[in-house]
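K.L.:
Quick one: structure below, then a few questions.
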Amino acid sequence: MEFEDVIEKAGGYGKFQKILVWVYLAPASFLMPGYSMNQIFMLSVPQHSCLLPDLGEVFNLTGGDHEVLHDLLVSKDNCEVYPLSAFNASAAQTYLDHAGDENWTNLEVPGLERIPCTQFTYDKTNYESTASTQWNLVCDKAHLPSLVFTLSSVGSAVGTVIFGTLSDRIGRRPTFFMTLVVVVLSGLSSILVTNFAAFTTLRALNASVMPQVFELPYIILLELVGPKQRTMILGVSCIAWTVGLCILPLLAYVCRSWILLGLICSACAIPNMFYIKLIPESPRWLLSQGRVKETIKILERIAKRNGVELPEDLESDLLKVQHKLAEEKVVAEASSADLLRKARIRRHLLIVTVSWVANSCAYYGLHINVSNMSGNEFLNFFLLGLVEFPASFAAWWTMEHYGRRWTNVSYQLLVSMAC
């Protein structure tokens, strides 16, 4: 007797499960890119230049293109400028008059060094403001946006361990709603703080719950359906994610402000909290904890919605499954302890780890660098999301017909050749 057999007796993939798939899983997966990928746009760095006062007024210049003088005073990377106090009106006018001459294209003043720019002006074609423009994350601070992404990845790795363990200890349902609270509070707080260090810390905290925010709805549904529906559950989750991924750049384009984008994306997590009455705790998890009576109540609720009657010997069946789950738990704990001792398990762990790291670097690396690609960054991001539609459907079909292992291997090879 397997737990999947018990689920079949409660109606299998019936009305109850279908409602959860389309009312809970699909919306949760659809909103996920807004929480996890929005900082790509929030930290975008527009074209910038060193902000100088009106040179015509400073030097009382007459005629000429003052932008040319600006370009001569400022370094090519727009990070340093000659101190204006070192020039008088006559010298500035002379430079301006000869700016078009070949020998005057690059102004170099012997014995005078440029100083760092302290203020900048930004191109507002795509954004009115971003976190990078608010804190001037350019020039000597140009590495800081990358630092935010790096610390977010660290937070995600740490959060996977913490919240993954928590979901096994206190249950999937409370952990999911706990992560939603973290998403809302850390997301909203990160756009309100005025300190970059606080912003970075809150973004890392926000990222720490992202794996569980994405995985827990999928896991809850996975433990409520039979083996035949598992691929479908994964397919729905991935396709809903892709739809959200394609809409995110449109939202960023319309908002034009990183604060408004962060506010909308964080607030979108709030409706998920109203699912608390709709979502049951995983009956499989309850049974693994020995909470048989609670498991029966949830199965009765599922069966009632699915329009079936539960068998009278349900409790005895559950006790058999519970005994089997307890044995599997002991084996799993022993396997965890032996994880690094057995060569075969070490080899599998290494392969899976390398595969996951390679996939993550390629996937998130492409998305994070949309602004470094030629063309419009919003369109680039949209197209990266769009190609996931055929990929998701193709993976769904191949998993149904050839299984997960061959699907994974074949697509890994395909991606490796493409890269």
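Placement of Cβ uses the backbone N, Cα and C atoms for every residue, glycine included.
From TrEMBL, here are the annotated features:
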DOMAIN    22-419  domain 'Major facilitator superfamily (MFS) profile'
TRANSMEM  19-37  transmembrane segment
TRANSMEM  144-164  transmembrane segment
TRANSMEM  176-198  transmembrane segment
TRANSMEM  204-225  transmembrane segment
TRANSMEM  232-252  transmembrane segment
TRANSMEM  258-276  transmembrane segment
TRANSMEM  349-366  transmembrane segment
TRANSMEM  378-397  transmembrane segment
K.L.:
Of the stretches 144-164, 204-225, 232-252, 258-276, which racks up the most C-beta pairs under 8 Å with the transmembrane segment (176-198)?
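P.N.:
Stretch with the highest Cβ contact count: 258-276.
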K.L.:
I'm a bit unsure how to read this: which one of 19-37, 144-164, 349-366 has the highest number of Cβ pairs shorter than 8 Å with the transmembrane segment (232-252)?
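P.N.:
Top-ranked stretch among 19-37, 144-164, 349-366: 19-37.
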K.L.:
Under an 8 Å Cβ to Cβ limit, what residues of the same chain, 6 or more beyond the ends of the transmembrane segment (258-276), are close to it?
P.N.:
23-24, 27-28, 31, 34-35, 38, 41-43, 127, 129-131, 134, 173, 177, 180-181, 183-184, 187-188, 190-191, 251-252
K.L.:
Determine whether the transmembrane segment (144-164) and the transmembrane segment (204-225) share at least three Cβ pairs under 8 Å, counting only pairs 6 or more apart in sequence.
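P.N.:
Contact between the transmembrane segment (204-225) and the transmembrane segment (144-164): present, because at least 3 Cβ pairs are under 8 Å.
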